[in-house]
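See structure below.
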Amino acid sequence: RESDHRAWTPVTYTVTRQNATVQGLIQGKAYFFRIAAENIIGMGPFTETTKEILIRDPITVPDRPEDLEVKAVTKNSVTLTWNPPKYNGGSDITMYVLESRLIGKDKFHKVTKEKMLDRKFTVEGLKEGDTYEFRVSACNIVGQGKPSFCTKPITCKDEIAPPTLDLDFRDKLIVRVGEAFSLTGRYSGKPAPKVTWLKDDIVVKEDDRIKIKTTPTTLCLGIVKSVREDTGRYCVTVENSTGSRKGFCQVHVVDRPSPPVGPVIFDEVFKDHMVVSWKPPLDDGGSEITNYIIEKKDTHKDLWMPVTSATVKTTCKIPKLLEGREYQIRIYAENLYGISDPLISDEMKAKDRFRVPDAPEQPIIKDVTKDSAVVVWNKPYDGGKPITNYIVEKKETMATRWVKATKDPIFPGTKFKVPDLLEGCQYEFRVSAENEIGVGDPSPPSKPIFARDPIAKPSPPVNPEAIDKTKNSVDLSWQPPRHDGNGKIIGYLVEFQKVGDEEWKQANLTADSCPETSYKVTGLTEGLTYKFRVKAVNAAGESDPAHVPDPVEVKDRLEPPELILDANMAREQHVKAGDTLRLSAVIKGVPFPKVTWKKEDHEVSPKADIEVTGVGSKLEIRNTVHEDGGMYSLTVENPAGSKTVSVKVVVLDKPGPPRNLNVSDVRSDSCYLTWMEPEDDGGSVITNYVVERKDVASAQWVAISSSSKKRSHMAKYLMEGTQYLFRVAAENQYGRGPYVETLKPIKAIDPLHPPGPPKNLHHVDVDKTEVSLVWNRPDRDGGAEITGYLVEYQEDGADEWTKFQTVPMLDCVVTGL
């Protein structure tokens, strides 16, 4: 029955089992059920459900959550998201359980004890470098459902992605003054990049006009009411630990130009026109000046009249003026974006204002020789018109008439070399300037000069230095003066001064006693320190002195020995026996070093010729023999030190005799020879050995091998019973060395061995005290005839054998048994 009705409704079928399915119920309604058992007698009492049952789909645990994804990974955290299960089990999800497992471990652990309903969670406190996997389960009123599929293993480390930059602006941007502009774009990167804006390599800072907005994915630099100073190269840098990206934009904020720069210069003024000039504006507004607009105004009127509006030059001719009137000039600069404020000139009267040039100042005379002089003057005021020529005149001091120095024009220079003077005469000079108006007044006359070559004192000598010294002298050297004063250098004066004294003493009394650029100052005191100086002398007198830079202490100069080796003093010197050995070296040092030649730290052989000169030393040994080889050393020594060099000398010769000649394995037709290499190979590799033999009865040696490289040889083809001697010698590229010979003759016979055992021993007769034995010959006789047979007997059970006798035949009767 329905819970809100009292009437019971029978189920439409009877069941014999202990369960039944009730159909036709209405979802959402509550019902009571009852059941009774029935037999042939009748129906028993009903049993009723204790509480109402609400008809609805059965409730189970939820399905597994879906789409578990890793959204972010750092070195100590992982952020995950997921979607709810497709089926919640018939009941609302009450919470989610997120679990993690460290790779390598078996169990999953809850990541939080808190109740979690959000489908996004950041697991923190993880260990950098560890690898985890995650799963999530949904819970409802029934319980916890199946976990989701696990994530892939996730290693805790900072995610790295190089920055990317996508800009919305181009390389160039032109903006009018007062307008706003913005530079925008998008970027990405892990870890989150740092965004920096620069203008002309300087960091951009926000203010009332400049705004910077940066989100995790977008960037923007905005400027309101732009000004000319906003022009520049803007750069945005997006940078993280993996790299950086840059974007650039050249922004031009343009405006009309500033006024031309004054003052207006009146280059030319005439009665009917003027020529004016000015300088370009300091700021062209960011755009090239396209033209200047020039206007004029008579100061008696208020009306500005146009002159031209189509010039790009910074100069202009102002025509159609009235003589005597005063005028002002007004100039505008124009570019693509407008016209500047004007530059207004001072007032200028229209009238001619030119005259002949002024007189130059008194000229100066230089570089006088016996027949010429150079006249130098300053440019005078040109009278308003450019100077086109100068006129130079000369006259002898006692004369009254001026004469032109040349008929050729003198321009634009302000100096002139006057030629053709008479040697010994006294002259004066004057200069006039000329322009298109005419010739101006002449300058005042110059100071009188005599026409003759000047002689001046020479300049000091160059780079004096002390180049050598002894205990009582110093050698000086220098270079001639750069200028001889137009007079021949007679010689030099050398002076010296003891350090601490004030008085300079002369080393030579007259300059002609030292015509060369070197001098030895003698008579000095050993151990004292002196200063030196040198003067050059010509007919005009002595030059200023040139000083040797540093004081010099008078003592013998010490230089440590120095060896410059010749090619024959290389580390190893090879010389053929019989040739001449030469060792030599160049030797330096002050005082000259003592020279010592040694061989193996002993005196060299008396046959060696040793020569020592002031510049080196040489050792020579003629007809070298092998014993002359060895380590030779050359030692040079003076108070400043010593130096030693060594050279290994190898005298190349024939080798010595082989060692330990031994004969073995002698046969009737052969024997085996062995030996060791010589102690001395003569300085060259042993190429082969020569082996010879000799019958003791013969005087002639016979070669049996001459090309063997081995230290052994099988001597074949010997005659049995003959006695032989053998000898061996070594050869290298310089010849054959001495032989080594066997100490005693070797007889060619096979070696003897004991014979084999007799064969087929048996008895042929037996008596009570004797036995008759026979046997056969052995298979081998050991290389010699058998001389007899030894017969032995042994009592059965005894250990020892008893000798009976030796018999020559193949039978024997053993008696005494």
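For all residues, glycine too, the Cβ spot is worked out from N, Cα and C.
Residues or ranges marked as domain 'Fibronectin type-III' by TrEMBL: 1-58 (among others).
Sequence annotations record features per position, and here TrEMBL assigns domain 'Fibronectin type-III' to 64-159 (among others). On the 0 to 100 pLDDT scale, the domain 'Fibronectin type-III' (64-159) averages 89 in this prediction.
According to TrEMBL, the feature domain 'Ig-like' maps to 163-252 (among others). DSSP assignment over the domain 'Ig-like' (163-252) gives 3 helix, 58 strand, 29 coil.
Across the domain 'Fibronectin type-III' (259-353), DSSP helix (H, G, I), strand (E, B) and coil residues number 0 helix, 50 strand, 45 coil. What TrEMBL records for 259-353 (among others) is domain 'Fibronectin type-III'.
The domain 'Fibronectin type-III' annotation in TrEMBL covers 359-454 (among others). Residue counts for the domain 'Fibronectin type-III' (359-454) by DSSP state, with H, G and I taken as helix and E and B as strand, are 0 helix, 34 strand, 62 coil.
Look at TrEMBL and you will find 460-557 (among others) tagged as domain 'Fibronectin type-III'.
Annotated domain 'Ig-like' per TrEMBL: 561-646 (among others), in sequence order.
Annotation source TrEMBL lists domain 'Fibronectin type-III' at 657-751 (among others).
What TrEMBL lists as domain 'Fibronectin type-III' is 757-817 (among others). Assigned with DSSP, the residues of the domain 'Fibronectin type-III' (757-817) fall into helix, strand and coil as follows: 0 helix, 29 strand, 32 coil.
Secondary structure of the domain 'Fibronectin type-III' (64-159) per DSSP (helix as H, G, I; strand as E, B; remaining residues coil): 0 helix, 46 strand, 50 coil. Highlighted: of the candidate stretches 64-159, 359-454, 657-751, 757-817, 64-159 has the greatest count of Cβ pairs under 8 Å to the domain 'Fibronectin type-III' (1-58).
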